[in-house]
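To keep things clear, I will list the structure first and then write my remarks on it.
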Protein chains: 2
Amino acid sequence: MTRCQRRRTSVSGAFMLPRLLCLLCFAVISLAEENTEMVNVATERKAEESHRQDSANLLIFIILLTLTILTIWLFKHRRFRFLHETGLAMIYGLFVGIILRFGVHLPQDLNDITLTCAMNSSPTTILVNVSGRFYEYSLKGEVRDSKGHDVPNAEMLRKVTFDPEVFFNILLPPIIFHAGYSLKRRHFFRNLGSILSYAFVGTVTSCFVTGLVMYGCVVFLKVIGQLGGDFFFTDCLFFGAIVSATDPVTVLAIFNELKVDVDLYALLFGESVLNDAVAIVLSSSIVAYQPEGDNRHTFDGSALLKSLGVFLGVFSGSFAMGAATGVMTALVTKFTKLRDFPLLETALFFLMSWSTFLLAEACGFTGVVAVLFCGITQAHYTYNNLSAESKSRSKQLFELLDFLAENFIFSYMGLTLFSFQHHVFNPLFIIGAFLAIFLGRAANIYPLSFLLNLGRKNKIASNFQHVMMFSGLRGAMTFALSIRDTATYARQMMFSTTLLIVFFTVWVCGGGTTPMLSLMHIRVGVDTDQDNSVTPDGMTQKSTKHESAWPFRLWYTFDHNYLKPFLTHSGPPLTSTLPACCGPIARCLTSSIVSFPFYAHGMPTPSTSQAGLCSLARTSDDPLDRELVFGGTRLVLPTDDPSDPLTSFPPPPPSPPLSDPLRHRV
Amino acid sequence: MTRCQRRRTSVSGAFMLPRLLCLLCFAVISLAEENTEMVNVATERKAEESHRQDSANLLIFIILLTLTILTIWLFKHRRFRFLHETGLAMIYGLFVGIILRFGVHLPQDLNDITLTCAMNSSPTTILVNVSGRFYEYSLKGEVRDSKGHDVPNAEMLRKVTFDPEVFFNILLPPIIFHAGYSLKRRHFFRNLGSILSYAFVGTVTSCFVTGLVMYGCVVFLKVIGQLGGDFFFTDCLFFGAIVSATDPVTVLAIFNELKVDVDLYALLFGESVLNDAVAIVLSSSIVAYQPEGDNRHTFDGSALLKSLGVFLGVFSGSFAMGAATGVMTALVTKFTKLRDFPLLETALFFLMSWSTFLLAEACGFTGVVAVLFCGITQAHYTYNNLSAESKSRSKQLFELLDFLAENFIFSYMGLTLFSFQHHVFNPLFIIGAFLAIFLGRAANIYPLSFLLNLGRKNKIASNFQHVMMFSGLRGAMTFALSIRDTATYARQMMFSTTLLIVFFTVWVCGGGTTPMLSLMHIRVGVDTDQDNSVTPDGMTQKSTKHESAWPFRLWYTFDHNYLKPFLTHSGPPLTSTLPACCGPIARCLTSSIVSFPFYAHGMPTPSTSQAGLCSLARTSDDPLDRELVFGGTRLVLPTDDPSDPLTSFPPPPPSPPLSDPLRHRV
């Protein structure tokens, strides 16, 4: 109420221009009007006050982010590399958390009313009958100590606490989408087998190793009587799953800046991106493990199968959904002339990408995973159909969203160390957790690298393995998964421990990346395109295809011959790759602006004989068209670093595999 | 619950790769674990279900927007101008509303529990004691008919209803900011006096005329017994205020496309943008009119003064806050080298602009108004300091946000006609309202134009007046203001009527713009820069300054000599404009990269004698620097259409006023 009044009192001495008009009108008022409605006024005021409070809370974060940006700039300007922006955001968050917790003292809101009702569980919405009027209330969450707060400023702290679903619905999707959209696909695909192994087998291994170690730790705690509540084996596995999600941001920002060896970069980035997806699905499968009957913590074979089914089903469903939306966007952008209106095109691109998330969530799949694969599909297909302006627009838009969301999450993390009111810090559990994540990470990297090296032509050197081991930072995904549910004692302890793990890995491992790289003699300053041996005629050679195992080669060919021409304006015309019987369909699906091959600078060459029907109808003045086929045999897995469409040259037909003389290992 | 199960049943036939590992681990589970917690599982499921429902609801809107975009593209492609995208969005929204209302039948949520408690008003949060655990619930709003729904699918419809605060906190700010940021400032400032008159005097007049007419209508309804609840004079005035906010979008999109006369464009755009601000403050001042004592509907001089004070205080406070944030951003971007990192720069720009809104709201001012003035300040000052990449990034970002927010609001408007459950359609009231807004608009435009023409050199022709009269569409702001509070009978009737007004004006007036323009013989196809007479040496002449009245001229000079050089890298160096005694300060504040005057294409000329201390230190290769002073006397009110920095030429010293031979009136 005190704040409500401020507006009115601050503007007392006033200027009276339209006063005459007002007097005229208000004279009429005195004639009519009865039946006071002070209740409405009270409700309005309350809504206003709550809105003002929300604005102030959000403002805290905006100011935090602004400060972070300015400090990042200072750091970048002075080339400090020991602290990344995310680490910085956390530090600022910590400070604000301390201030809110110990510095500010606000009067308690006396409006809290405790109602008692006889129910077994809490409904999501309740209707309250307040002297004859019905008001709807929605569930915000459980409150531990309702009135006898031991925490000062509990009211205030509760208000700066975001609904955890905000992370999943608003902040994570742009981060994950951007990761997929900015994947350097050539290096990613070259190491696809290894990346998939690390991401799937490695993450699952890491999850179970961590879970087992934690279970040992929990049993020990129970024996010595240090455990204040239930902590089941499924909780341990859940913990293993959430801390197995490594974060690509911090380390890779440094890698990018230092231009670290591209294969190491691809391995780490690919693993981090995909294991987020694996961890999220894994954790939901563990939650889904519910044996029949009352006792859910016994072993049950059918429940286990169901959990496994959930894992595979959710993962493949999310993958399919992401890919399907990406493909749909590609088709829409290919077959409409939306590119004449870049604003519409970008908006459509944005909305379709967002709808993937919502669609997957609404169907019970995992939106974040869907969004990741949607990002990869969009980069691989749709990106080629966009107008030049939309390409840069979409890239910049998602870059900005990613940046803001990431820094927001990290500063919130810092803040939450002090603002969260149900922390359970158990020193032994924390020590156990650090040990467990170390062992879990080691069990992921070293055995798998050994196995992979048996099959790889260019081995993953031991210094690479050490860097991968060291660079397993935990970040936004781990945090989001752990804050999602903090209802039970076990989850609260996990959350507190996870926070500390994130802090430690971001500050210590993140800050130690540069020294670690030089300690391990990792090659830095590598030009991304350097390992394409340059032939005398200035064209680059790619050995991507022939370095891969046969299932991937099969996929490349299929993608190159059918998917790319079908979904984009690039690739050989479908009329040449499809069997003759499909002629009419092929002609119909072949892009009207494809099939003139171009040299690097947009000069049309004499058409290859297979050129589509409509190919003579147009001349092209668009940079996109420079990305077209080269002699009908452009390699599929492309130059396409999406960040730089103008510098990508269509390569010549693939040459026989050759050991790349320029690639060296330290 | 049925939906919850779907995930599990859909993935039955599963693939068992890491099964061995799992079996190993789960064998351990059977050893321990007791104490079932089915309650947690139930809570988790409930949260999951509610989340899924939210995703599905949001997905509806995303799909709506996607459809709208595709249809807009078709319309633009085929050059249909009778229906603007916003009108289209409304139509799609209507369809979805009909489907939700009459097509889908969902089982009622049986979890609604009605609690009765003895309170005078509804608290914002309540704590519910469910068998010993406390759950927090927050107020969502009043529910009219709690159980005896006469509306089918009430549950479903309630769920697709957004919190009205979403409009004010998320959707309106980008729209209004973009309006300010994209203001064509030269033409805006040339007509500043007229625009301010229309926006302030005109909107207030329109508000009171509409309010009085509506009061007459309400009294009549009461007499004939057609009024089902209270409707006070303040409600009438409030209605007048909300329907006085005209929307710039629809008409101006057409104006832009047809390149309508720039003065007409500037008048309409300026008025629409500013009167949104006036209307929002006016409506809150009317709400603030509360006479002392019990009866708040009698005339009370001091309350009236307070309302007036609120109006002026809130308006000037919001203005000051917006301008202050803009100035701060300008200073930060000027004095740091943030422009080396466009991502950081854009992020900072975005956050600072957003913080204006939150700051103003948190202080009890009006965020939307603050954001408008912040946008204008950012465009006028900060924009000049940004790197070329940030310029285009920020412009594109806000353009996209504006586009999405606008279409979202309009499609929600369509949907809400069917999904809102407390519509009060009163035919006589609606007819009265249409009459009232017509009279209100007329009372704004015609008398004011007459008065303004007495003072203007280039008169506002009567065909311009008719177009302005006709183009008073109501849009997003009117809708947002009317949906903000639908608690009472009066507000519900207003809301329903407002919806119809928006539909009518957007479809009929919006669609009729093109015929109206040709009927009124308004000149179309005007090049924005055509009315700068081109002198033989290719330089453009601006008569802006000399066309304006003296207070504006005073401001121009001040802005040019002190503000621009202080806040941006352009303008004459402060060392030359400030008195000699301020020398050290002036040197300190003068930009290190300013003060070399450039000809249009970035060629440095011999420095003018007043060049700042640091002026010799740098050469410039940036398009921004081409916008610098010309002989130290660049006119302040600039070429600066922010959309086109590369085509703006620094003008020569202002010439004496001359009647523009190229400007013609039809």
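Note: Cβ is positioned from N, Cα and C throughout, glycine not excepted.
Remember, it's a predicted structure, so these values are computed and weren't measured experimentally.
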Per TrEMBL record, range annotated transmembrane segment [choices A:403-422, A:463-482, A:583-602]: A:403-422
Contacting positions for the transmembrane segment (A:166-183) when only residues 6+ beyond its ends and CB under 8 Å are counted: 248, 269-270, 272-273, 276-277, 353-354, 357, 361, 367-368, 371-376, 378-379, 394-395, 398-399, 401-402, 405-406, 408-409, 476-477, 479-480, 483-484, 642-643
Segment proximity, the transmembrane segment (A:403-422) to the transmembrane segment (A:489-510), 3 or more C-beta pairs under 8 Å: yes
Contact between the transmembrane segment (A:309-331) and the transmembrane segment (A:365-383) (at least 3 Cβ pairs under 8 Å, separation 6+): yes
Spatial neighbours of the transmembrane segment (A:87-104) far in sequence, C-beta under 8 Å, 6+ residues away: 60, 64-65, 67-68, 71-72, 75, 151-153, 156-157, 160, 250, 407-408, 410-419, 502-503, 506-507, 510-511
Contact call for the transmembrane segment (A:195-225) against the transmembrane segment (A:428-452), three or more Cβ pairs under 8 Å: yes
Stretch in A:365-383, A:403-422, A:428-452 most in contact with the transmembrane segment (A:231-255), if contact is a CB pair under 8 A: A:428-452
Long-range environment of the transmembrane segment (A:403-422) - Cβ separation under 8 angstroms, sequence gap at least 6: 61, 64-65, 68-69, 85-87, 89-98, 100-101, 144, 151, 154, 157-158, 160-162, 167, 170-172, 174-175, 249, 475-476, 479-480, 483, 486, 492, 495-496, 499, 502-503, 506
